[in-house]
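Notes follow the structure.
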Amino acid sequence: MTALLRVEGLSKSYGALRVTDGLSLSVEPGELHAVIGPNGAGKTTLIHQISGMTPPDAGRILFAGEDVTGRSMAGRALAGLARSFQITSILPRFSALQNVALAVQARSGSSFRFLSPVDGEAALTGPARDLLARFGLAERAEMPAGALSHGEKRQLELAIALATAPKLLLLDEPLAGTSHAESARIVEILRGLTGSVAILLVEHDMEAVFALADRVSVLVYGRVIATGAPEAIRSNPEVRAAYLGEEAA
Amino acid sequence: MARRLRREWLPLGLFLALALVPVLAPLGPQSFILSLMTRIVVVALAALSLDLLIGKGGLVSFGHAACLGIGAYAVGILSAEGVTDGGAHLAVAIAAAAFFALATGAVAMRTDGVHFIMITLAFGQMLYFLATALSAYGGDDGITLPGRSTVLGRDVLASDTVLYLAALGALLAAYLLLRRIAASRFGRVLEGARDNPVRMEAIGFRPFRFRLAAYLISAMIAAVAGVLLANQTGFVSPATMAWQRSGELIFIVVLGGLGSLHGAILGAIAFILAEELLSHWSEHWRIVFGPLLILAVLFARGGLAGLLTKGARP
Ligand SMILES: Nc1ncnc2c1ncn2[C@@H]1O[C@H](COP(=O)(O)OP(=O)(O)OP(=O)(O)O)[C@@H](O)[C@H]1O
Ligand SMILES: [Mg+2]
């Protein structure tokens, strides 16, 4: 019962379509748990429900020992649940630095301060600059986030999520649309986080998944058909048939 | 310093020009100029407060004239009851506007987009009809004030110049305050929630609270504008809070340049001067005014402020 995140019997339907079908899974502290599955399997919908963006029809979500099923997305974020979006979600008019500093601000004291200039707060811009530097975006700090390249935006989004100092990161295809070098850097950063920050990683890049994951769950039609160590998943005949088949062939 | 001057020349120039009005007014029809310019400054103050909502918060309130009306009626009702003190007028106006903002905002801020526009319009109209029903205070016809608000028992605002300077002082104070707010932690969250509310929630902010606070601040400033407006016109009626007035305020903010704050001032000057000039020129001036406004919005993206500061971006 030490799991950081425990999802129990989660269900969600859109009309007649069962997108999440009695799904259960857990993430241990510091663990990187990858979720793979074909397009439309319900991976993004799962992340929406865990993060509080979409309410489930049934089931429970326990985070750090508390039932957060009824909590708002903001409430979960403050409790240490951060997420990235499959479709990049940033503040395009703000500079890259302001994007990250705002996420630092969310966790450091009240934001009902009306008179002192926020850009002058070293307690916010300091950590934000450090994070940007880790993603190789130091030179882009003052640029409007909307003007960054696609790959840079993906990395900025990760920096924003990390800036909230999360206990658990929910990542929805962080590598999609990044260049080879960018993707290598992201994998490196994620590897550096394992042990300290737990990660639920949805990703299509199998090389990255099998290199990073402690455990892999395979999601098909809203249901987990297998969970296990990467090696076990790779050789699981059911998984090969349902998902890895085309790649193995 | 030089860079700052280059970036800030427009607001500096605007306030400088407005400060020169009392000096230059005696060269022309003084009382006409002062009354026109007082009206401009008061409307600019109301538009400025609305820019916090629309420009910074992305909240298109279609009921902002209600707050202006609350300020005007505070003066009207208190004066009719024999309370002429300006301090009391301001205190009651601000308190009543705050109450109105919290009560209606708690509902309106749970909606967005077109629903928000419609619900603020509805609340504004509610107050409008409430005012028409106030038969003790003139109902539809409104009330003529016995005189202007007094300051510490003295009739200093009786001078048009003093009233103008008081209005300009309020505008400058509100402008400086809103600029600080816009650059603060609070302002950053408000703008973030305008651009991407889902992202804001995902990092732990609840936009509702920040929007409600912005609504409150904006309403209180508009109420001050209402107090000044009543003093300028010497008359208070439901027409002050008609939905057309709210529409004009939105227009002024868009015309001036959303979110720039000084754009609202520029918009008020342009709007009221154009209205004044055209209405002298022909009684069918509205036929020209409408298309002119549409052209201005179409061709001046970023509003008049954007047009004037093009190329001066840092
Ligand atoms: N809001 C919605 N309304 C109706 N159907 C939806 C909605 N959101 C998702 N779906 C459907 O649910 C199914 C699962 O979608 P989801 O985005 O969770 O899949 P996914 O596993 O993330 O796919 P991908 O790998 O392509 O990102 C899809 O068939 C999708 O069309
Ligand atoms: Mg998806």
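Every residue, even glycine, has its Cβ placed from backbone N, Cα and C.
Keep in mind the model is a prediction, meaning the values are calculated, not measured.
Per TrEMBL, the features are:
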TRANSMEM  B:36-54  transmembrane segment
TRANSMEM  B:61-80  transmembrane segment
TRANSMEM  B:86-109  transmembrane segment
TRANSMEM  B:116-137  transmembrane segment
TRANSMEM  B:157-178  transmembrane segment
TRANSMEM  B:212-230  transmembrane segment
TRANSMEM  B:250-273  transmembrane segment
TRANSMEM  B:285-308  transmembrane segment
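In summary, the transmembrane segment (B:61-80) lies against the transmembrane segment (B:116-137): three or more C-beta pairs, each 6 or more positions apart in sequence, are under 8 Å.
Counting Cβ pairs under 8 Å that are 6 or more residues apart, the transmembrane segment (B:116-137) and the transmembrane segment (B:157-178) reach fewer than 3 and are not in contact. By the count of Cβ pairs under 8 Å, the stretch nearest in packing to the transmembrane segment (B:250-273) among B:36-54, B:86-109, B:157-178, B:212-230, B:285-308 is B:36-54. Through the fold, the transmembrane segment (B:157-178) approaches residues 11, 15, 18-19, 21-22, 25, 30-31, 34-35, 37-38, 41-42, 44-45, 48-49, 51-52, 86, 147-151, 221, 224-225, 228, 231-232, 261-262, 265 of its own chain, all at least 6 residues removed from its boundaries and within a Cβ separation under 8 Å.
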